[in-house]
Each structure stands twice: as C-alpha cells, then as structure tokens.
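The structure appears right after this line, and notes come after that.
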Amino acid sequence: MNWRTIIYVILLVSLTVVKALPRSYRDIEEKTSIGQRFSQLQEKNFKAIAMIMFAQHVQGGTFGKAVKMAEDVTDLAKKCAAAARGNPDCLKPLDRIFLDTICQEENLPRFTDCCAKKDPERNDCFLSLKNSSRGFISPFERPNAEAACKNHSQHQHSLTGYFIYEVSRRHPFLYAPTILSVATRYDEMMKNCCGRAEDPTHNLEECFRRQAPKVVKPVKEDGLRQEHTCGILKKFGERTIKALKLAQISQKFPKADFVTVNKLVMDIANMHKDCCRGEMLDCMHDREEILHYVCTNQDILSSKIKKCCEKPLLQRSECIVNAENDDKPADLSPHVREFIEDKGICERFAQEEDTHLARFLYEYSRRHPEFSAQMLLRIGKGYEDLLKECCKTGAPDDCFSRGEEELKKHIYETESVMKTSCDIYKEKGDYYFQNELLMSFTKKMPQLTSAELIKFTKQMTAIGSKCCQLSQDKLLPCAEENLDLVLGEICRRHLTDPINPGVCHCCSSSYALRRPCMGKLEIDENYVPLSLTPGLFTFHEDLCTTEDEKLQHKKQEMLINLIKYKPQITQEQLTSVTAAFTAMREQCCKEENREACFVKEGPELIKRSEKMLSA
C-alpha cells in the first residue's frame with residue numbers, strides 16, 4: 001500500500017484508530033512492544049501516527065524525511081509483528097525506537113547533543129527542543145482558492161497527508177487524535193468548497209473564509225491546553241496535576257463517590273504523564289481507556305454526557321470536557337463542617353495526610369461548581385495550612401474558627417476582583433479595557449516586547465468579552481480558568497527568556513497562587529527605563545488611517561513605549577499627553593501635506609510631553 005493511499009485510508013478509519021487497542025493491556029504488561037502495537041493498529045494507522053510523531057520531533061525536517069522515517073519504523077514493526085520476536089530491536093521500548101530512528105538519520109545536526117545522551121535524558125532533551133512559538137516555523141501560506149481546489153482535485157490524498165505533516169510540526173504538543181480529527185475537517189472543507197467550484201454563484205474565497213475557523217480553532221485551543229497541562233506537570237509536579245483534576249472532576253461529576261473520582265484522577269494523571277513525555281501511542285490508548293470507562297459508567301458519573309458518548313471517538317473527549325456539570329445530589333449537605341469540627345480530625349490528618357486532604361477537596365469542590373478549579377486549590381492549600389497550624393500542641397481553641405474567617409475573606413476578595421474587572425470591561429469596552437491592562441502589565445513586565453504585551457492583553461480582553469456576560473455562578477470558573485491559560489503562556493515565555501524576579505517568583509512558587517501573585521505585582525523597580533532616543537516616538541501620516549484596528553495598534557505601541565520610558569507615569573500625566581497627541585493628530589490629518597506636518601509637530605509634541613511628565 002503506497003503512502004498516498006495510507007493517508008487517504010487514515011482519514012476514513014481515524015474514528016476507530018484507538019479502538020484497535022485492547023483495554024486490558026495494562027493487565028498484561030506495563031508497556032506494549034512495537035510488534036503488538038503494529039498488530040493492534042494495523043499498518044495504515046500505525047504509519048500515519050508515526051509520521052505525526054516524527055514531524056513533531058523533527059520540526060525542521062522535510063515532508064519526505066518524515067515519511068521516510070515513518071516507513072522505516074513501520075517496516076521494523078511489520079517484521080516484529082510477523083516473526084522476528086528474537087530481534088533485540090523488537091524488544092526496545094517504543095519511544096526509544098522512534099528516537100533511535102531520528103538519531104540514525106543524517107543531516108540533522110540540531111539533535112547531535114540529544115542523540116549523545118542516554119534515555120531517559122535523551123527523551124527529555126528532545127522534548128526540550130520542541131518549539132511551539134509562533135514564527136519558529138513560517139506560518140501557513142494561504143493559497144489562492146482556485147489553485148487550492150485544482151491541487152486538491154489532482155492530489156487529494158497526498159495533499160491531506162501534507163496538511164497532517166504541516167499541522168504536526170507547527171504544533172509539536174498536539175495529540176495525534178486531535179490532528180487526525182482536524183485533518184478530517186480539513187478534507188471536509190476542501191470537498192465542500194471545491195465541490196461547487198464550477199457554480200458561478202459560488203464564492204470560493206468566502207467559502208474558505210467561513211469554514212477555515214472550524215479547522216483552525218481546535219488546533220489552537222487543544223494545542224494550548226495540552227502545552228499548558230504539560231507545563232504545570234513539569235513545573236509543579238504530579239501532586240498538583242492530581243489536585244487540579246480532582247477539583248475539576250468533582251465539580252463535573254458531583255454524584256460520583258470519592259473512590260470513583262479518585263480512580264479517574266489517577267488515570268488522567270497517568271495519561272498526561274505519557275502524553276507529556278511524547279509517548280503518543282500510550283497517550284492515545286490511555287485516553288481511549290478513560291473515555292470507555294466514563295461512557296460505560298454514566299449511571300454513576302453524570303446524566304449530562306449521554307450525547308457526548310454517542311459521538312464518534314475523536315469528538316467524544318472535547319464534548320465531555322465542555323459538557324455541563326451534573327446536578328448536585330439532592331441530599332448533599334451545603335457545608336463540610338466535619339472537616340473542622342470532628343474531634344479526631346488531627347489524628348486522621350497525621351495518619352493519612354494526602355488522602356484526607358483529597359477527601360476535603362473532593363467534598364468542597366462537588367458543592368461549589370461556581371468556584372474556579374484554581375480557587376478550589378487555594379482553598380485546599382488553606383485547609384492544609386490550617387491543619388498544620390491548628391493540630392500543633394498548644395494551638396489556641398479558636399484556631400479553626402479563625403481559619404474559617406480567612407477562607408471567607410479569600411472568597412470575597414476573589415469574587416470582588418473578578419466583579420471589578422468585569423465592571424471596568426462593561427464600562428470601557430474592548431479597546432480601552434485592553435489599554436488599562438497594557439498599562440498594568442507594561443509596568444509589571446516591561447521586559448516583554450510590544451508585540452507580546454499586545455498579544456497577552458488582547459487574550460485577556462477576549463476573556464472579558466467571553467465571561468463577563470455570564471451569570472454569577474459561571475463567571476469565576478470561566479474567567480480564572482481562561483486567565484490561567486494566558487498566565488501559563490507568560491510563564492512558559494519566562495522559562496525560555498527570563499522576564500524579571502517578580503514574574504519568576506509568581507511562576508515558580510505555587511500554581512494555585514499564580515493568578516493572585518501576578519495581580520499583586522507592581523512596577524518593576526529594577527527596570528532601567530528607555531532613553532528618549534529620536535526613534536522612540538515617531539509620527540507619520542499613516543496615523544491618519546481610517547482603519548480603526550491599525551490606528552489602535554499604533555496607539556497601543558506608543559502607549560507601551562511611553563510607559564517603558566516613564567514607568568511612574570500618573571493617570572493625570574497620561575491623560576494630558578494623550579490629549580496633546582490627539583490634538584496634533586487631528587491637526588496634521590487635516591493638512592494637505594500630512595507628512596510635513598508630522599515631521600514639524602512631532603518633535604514639538606515630545607518636548608511638551610517631557611515637560612508634562614517631569615511636572
């Protein structure tokens with residue numbers, strides 16, 4: 001079977017790829033050999049997934065090289081499945097076989113240092129080289145619609161294969177099932193838009209513009225969430241991931257008992273460990289096992305996932321994650337006072353510390369779907385600190401009740417922060433709300449580039465648009481959990497290129513406290529402000545553009561430079577400088593020779609602004 005045919009068939013059978021894996025494999029042995037994997041998946045599926053893995057590891061490699069390595073590893077798998085069980089290569093772990101294949105390739109100097117290491121350090125080295133930042137690989141060139149349809153009609157199968165390769169190397173942390181699902185959507189878009197190309201009333205460009213977001217959205221969102229989860233696991237460890245998943249699952253399935261929820265937490269944590277190590281086949285199998293368990297145990301888990309479990313396998317996971325939380329049990333008491341008032345509480349904490357804390361987090365989370373998972377983790381941490389303090393010999397009698405007051409205070413403060421932010425958003429709208437964020441974050445993180453500050457604050461503004469319209473019981477989970485993704489992105493940026501000690505502290509000390517920590521950051525006192533060089537503020541006739549988005553972008557770049565030049569700027573000073581700039585812009589945009597006006601008036605504005613800022 002040639003490569004083009006394999007790519008075509010993978011799209012037809014991708015919905016059943018993972019079902020080929022036996023659910024009882026963990027009962028047989030911890031890791032499955034390459035020959036067994038090949039037999040379970042069959043050649044077409046094994047080969048396509050192998051290509052995804054190679055494209056994700058060797059992002060700068062050509063399509064031809066990814067195909068060649070996939071074919072080499074598939075040939076070995078085929079031999080191992082047939083009769084070569086005595087071959088020592090057949091007994092190697094799968095991840096080692098894939099990395100050996102890469103290290104045997106010529107003309108891959110970027111991986112020389114990694115290939116010199118021994119496992120598991122070699123695998124860690126390869127993972128550290130994965131780069132998901134925009135610009136590392138040039139963005140997709142959007143082809144002419146007619147040319148794309150012509151290419152699709154002549155080379156449909158290889159074109160879809162090439163799409164899989166391009167998506168994989170641009171999104172090195174994206175799970176294979178997501179990539180296969182996106183490839184199916186891509187193929188559907190091409191067929192839908194190109195199928196009516198001969199119709200004179202059919203607008204090809206408009207068709208692609210309308211349908212492309214359905215293809216691109218899951219790539220961006222799933223890729224970000226997967227990288228985010230792996231970042232938490234790497235930085236804060238397995239205990240934090242388990243606590244996060246315990247809070248989320250307890251909220252989603254409040255009728256499930258603690259043992260059932262804990263089983264799911266352990267399974268999901270193990271899945272993330274496999275996925276984040278790059279063990280793609282094990283990752284896929286783990287995911288399928290969890291989905292099978294959830295869908296076959298709906299009666300004890302949730303009444304809200306029936307439709308999700310009827311969907312094709314590749315759509316099932318996303319549906320369950322986005323499903324509504326199930327209704328709380330009717331007999332669930334509103335409080336968990338037994339975790340404070342029971343006389344044997346300190347003894348239980350001493351005997352089974354983590355289990356006791358997990359039970360508290362489970363019971364509290366299932367009662368509070370209106371709280372974010374991050375807030376629930378902070379409450380769990382507060383409870384742990386309370387036990388450590390109040391279970392000491394000689395602790396005051398009112399120790400636990402004082403802890404309760406601290407909890408109420410924290411809940412009130414968190415809700416107030418979110419309410420205030422939404423009030424400002426509703427009052428100011430997208431553009432001016434983003435400007436408020438730009439002022440705040442440029443002072444906190446002046447080391448970020450203008451492009452980075454605009455990107456991060458734009459994402460935060462989008463959260464306001466999405467969450468501030470929701471009811472009070474949905475606001476906090478929406479706002480803080482989405483904001484957590486943006487802060488995770490900032491922290492990963494910090495890891496690759498350190499920002500400043502304040503950001504370092506917030507990104508390193510505690511996952512649960514990351515958002516409040518970032519909120520409390522003030523002006524970076526160690527930052528050396530920008531000098532007022534001739535190129536810092538330049539004014540040209542492009543400021544007269546009638547395109548709002550372009551003008552707003554230029555004004556935001558100036559705002560950032562102004563704050564980097566004068567971090568201590570007051571609101572009054574900013575208002576004065578802004579008014580002076582607006583007056584100059586209006587004056588010059590009325591002139592016949594706009595550029596000459598800006599050349600003359602620009603330096604004068606800078607002089608006046610300096611006086612305002614030094615007043």
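Backbone N, Cα and C define each Cβ position, glycine as well.
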Discussion item. Of the cysteines CYS422, CYS506, CYS507, CYS517, which is paired with CYS468 in the disulfide recorded by TrEMBL?
Written reply: CYS422
Fill in: TrEMBL annotation, disulfide partner among CYS103, CYS125 for CYS114
CYS125
Worksheet item: Where TrEMBL annotates a disulfide for CYS309, which of CYS283, CYS295 is the other cysteine?
Response: CYS295
Discussion item. In TrEMBL's disulfide listing, CYS149 is paired with one of CYS103, CYS194, CYS207. Which one?
Written reply: CYS194
Worksheet item: Of the residues CYS467, CYS478, CYS506, CYS507, which one does TrEMBL pair with CYS491 through a disulfide?
Response: CYS507
Discussion item. Rounded to a whole angstrom, what is the C-alpha distance between CYS308 (disulfide bond) and CYS478 (disulfide bond)?
Written reply: 21
Item to complete: State the count of C-beta atoms found within 10 angstroms of the C-beta of CYS390 (disulfide bond), not counting that atom itself.
Response: 20
Worksheet item: Among the disulfide-bonded residues CYS80, CYS149, which residue has the largest number of other Cβ atoms within 10 Å of its own Cβ?
Response: CYS80
Item to complete: For each of the disulfide-bonded residues (CYS319, CYS506), count the other CB atoms lying within 10 A of its CB, then report the residue with the highest count.
Response: CYS506
Practice prompt. Based on Cβ atoms within 10 Å, give me the single least packed residue among the disulfide-bonded residues CYS193, CYS308, CYS422.
Written response: CYS422
